[in-house]
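According to Swiss-Prot, the features are:
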type: BINDING; residues: F8, S9, G10, G11, Q12, D13, S14, T15, T16, C17, L18; note: ATP binding site
type: BINDING; residues: C188, C197, C200, C203; note: Zn(2+) binding site
Amino acid sequence: MKRAVVVFSGGQDSTTCLVQALQQYDEVHCVTFDYGQRHRAEIDVARELALKLGARAHKVLDVTLLNELAVSSLTRDSIPVPDYEPEADGIPNTFVPGRNILFLTLAAIYAYQVKAEAVITGVCETDFSGYPDCRDEFVKALNHAVSLGMAKDIRFETPLMWIDKAETWALADYYGKLDLVRNETLTCYNGIKGDGCSHCAACNLRANGLNHYLADKPTVMAAMKQKTGLR
C-alpha cells in the first residue's frame, strides 16, 4: 500500500497537494501544526478540509515552542502584516524562521510511524516570496539529512515547486476542485477565508494567479501539464 503524509495548513497550496495526493496514494495522512500562529482559524479550516476530502487521518501537532523562538508578523499581534509591495526586496516579516525545517522533520517522524514513503509539501520556488526555506535546494538538503538520520528513505515531494500560481490553480481545476480551493481554503495572512483581504502578499499572489488562469485556461493548463507530466 502506498502511503503519504501531507504537510497541511488548509491554504491553497497544501489543499491542492492533498487533492493530488489522494489520487496518487492509497492512504493519505495530514499533519497540521499549531505553532501559536496569529490566525488560528487555519487549523479549523484544515480539520474541515481533511475530513471533507477524505484523508485517512489528520494530526494536529502542538509546536507552540516555535512561537517563543520565531518572531514574525504571523506569530506576533504587535507586528503588522504588510500590504503587498511588488518591488519589495529581502526577507518579509511574514517569514517564520525555522518553520519548514521543523514542519518537514516532524512530518517525516510521523511518516516513519505510519509507514508512509513520502512527505508532501506545497512549497514553491517559482513564485518565490523571499522565504529561504521554500527553495528546492533547502528541501533536498533536509530530505537527505532526515533520511540519513532515520536510516529510512522517506521522500520529500514538492509537486508545486516549479509551477507558478496560475498553474497551481490549473492543477486544482485538473482534479475538479477549483471552486473548493477558491472558496474553502485560507491563504490570507489576515486570516480571511476564500478570496481573503486582497491587500496582503498572499492574497495578491493568489488573486493574480487566478485571474491569469481564468483569462487563458487552455494555455495555462497546457503549461501545467507539461511541467508536471500530467496528461
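Using the three backbone atoms N, Cα and C, a Cβ is placed for every residue, glycine included.
Each of the binding-site residues L18, C188 was ranked by the number of other C-beta atoms within 10 Å, and first place falls to L18.
Sequence-distant contacts (6 or more apart, same chain, Cβ under 8 Å) of F8 (ATP binding site) comprise S14, T15, C17, L18, C30, V31, T32, A46, L49, A50, A55, H58.
Counting other Cβ atoms within 10 Å of each Cβ, the binding-site residues C197, C200, C203 show the lowest value at C197. Note: the Cα of C188 (Zn(2+) binding site) and the Cα of G10 (ATP binding site) are spaced 11 Å from each other. Ranked by CA distance from C200 (Zn(2+) binding site), the binding-site residues G10, Q12, T16 have Q12 at the top as the closest. Reduced to three states, the DSSP call for L18 (ATP binding site) is helix. For T16 (ATP binding site), applying a Cβ distance below 8 Å and a minimum sequence separation of six or more within one chain yields G122, L160, T168, L171, A172, K177, V181. One way to see the shell of the ATP site is to take the Cβ centroid of F8, S9, G10, G11, Q12, D13, S14, T15, T16, C17, L18; the remaining same-chain residues with a Cβ within 8 Å of it are V6, L49, G122, T185. In the structure as shown, the Cβ atom of S14 (ATP binding site) sits within 10 Å of 25 other Cβ atoms. The Cβ of G10 (ATP binding site) lies under 8 Å from the Cβ of T32, E42, I43, D44, V45, A46, R47, E48, L49, T185, L186, each of these being in the same chain and 6 or more residues away along the sequence.
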